[in-house]
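A.B. asks: Mind having a look at this structure? Questions to follow.
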């Protein structure tokens, strides 16, 4: 039997980590990706998917563990697909993320920044998530909530999670019991019921918001049940239901209704008090969001005279903490509910120089004819629409700060922005927003040449 085929067993050493979180090793000049491994591990591996020059494998035996291998904090780390790197020492995670950003900028963007700064570590590598959304199911009659097993749609049942704020752990366990009499959605038959449980916490305020995602009509008596939860669970200030009748992987639908209490919680970040609803985008790591804002402020070095435009502004997460240092802020966001919350947040904090527009960035920016001193981009993972990048090159603000959660799309967009010679890549700053996972946040500063 040829060794390079599915089912064959090989021995190799893991040298690095990939952007998907897998360990990367080499065997006879071919690349092998192996999940749940650590750089420095020597392994015996069974090949599971084989191509000509690369393969994926499964660990059969850790022949010699790496010195960078640690015991996972999670008892289901070998099954749960939520985290990829709980076996990897935190310093090694940071080095790997830094390298992932460097590789993307060089190989995809073909760029070399004037300064590549060391990654900003998270002060708390565990217990940092202020928001979690768990798929729901029923197994042997009992409600289960958790994340999907790696590479499957089998739910790994959780009563706690080491990366979420620890104050959410008892709430998760209690709500699974409280949901026992209520209908649970069946993915195979699309039988109506609750399909996701969303928990959110203001890490600085302690306020907690429960969101049930429902496929089907609102069950009778649910509002009364929700009122009881407000009394029963300390810190819970609201219970909402989101209606999602779509078949597929979409978590939230378009309609959210408050069942009890408030439809939002308050959070404090970078000196600003934010109103955050169940489906609103807000950085999941409050402490690292503050580091992000601090870095942006330092790089802008405001004089108080600037006009700052924030594209993909959400609820004003970046705009509002920066507003006090500049003359004017304009935030642009396509989701109307987020725009309304951004306006409410500005009013609540007495910020009068921030204005928010509900529009697509690619449609608004080409029409905007005023001079922009500083432009902030914080797009979704897919990056910016080409029309946005072309409008930036036409408007040509002297300072452009791009915040990205995906190094590959960041590198692609930076390459386009620098392709005409208008901009140069001045700085790159990786930031660890998502410890224990392969995801990395990056800030890029472009200045006019």
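The backbone N, Cα and C atoms fix where each Cβ goes, and this holds for glycine too.
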A.B. asks: Per Swiss-Prot, what member of 74, 240 joins 80, 83, 161 in binding [4Fe-4S] cluster at one site?
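C.D. replies: Within the candidate list, Swiss-Prot flags 74.
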A.B. asks: Among 264, 312, 402, find me the residue Swiss-Prot lists at the same S-adenosyl-L-methionine site as 283, 333, 378.
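C.D. replies: The record-listed residue among the candidates is 312.
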A.B. asks: Compare the C-alpha of residue 161 ([4Fe-4S] cluster binding site) with the C-alpha of each of the recorded positions 312, 333, 405, and give the closest one.
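C.D. replies: So, spelling it out, the nearest of the recorded positions is 405.
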A.B. asks: Listed recorded positions are 74, 80, 83, 405; which of them have CA atoms within 10 A of the CA of residue 378 (S-adenosyl-L-methionine binding site)?
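C.D. replies: Of 74, 80, 83, 405, within range: 405.
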A.B. asks: Test of understanding: give the count of other CB atoms lying within 10 angstroms of the CB of residue 161 ([4Fe-4S] cluster binding site).
C.D. replies: 24
A.B. asks: Give me the CA-CA distance between residue 80 ([4Fe-4S] cluster binding site) and residue 405 (active site, nucleophile), in Å, as a whole number.
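C.D. replies: Distance (Cα to Cα, whole Å): 22 Å.
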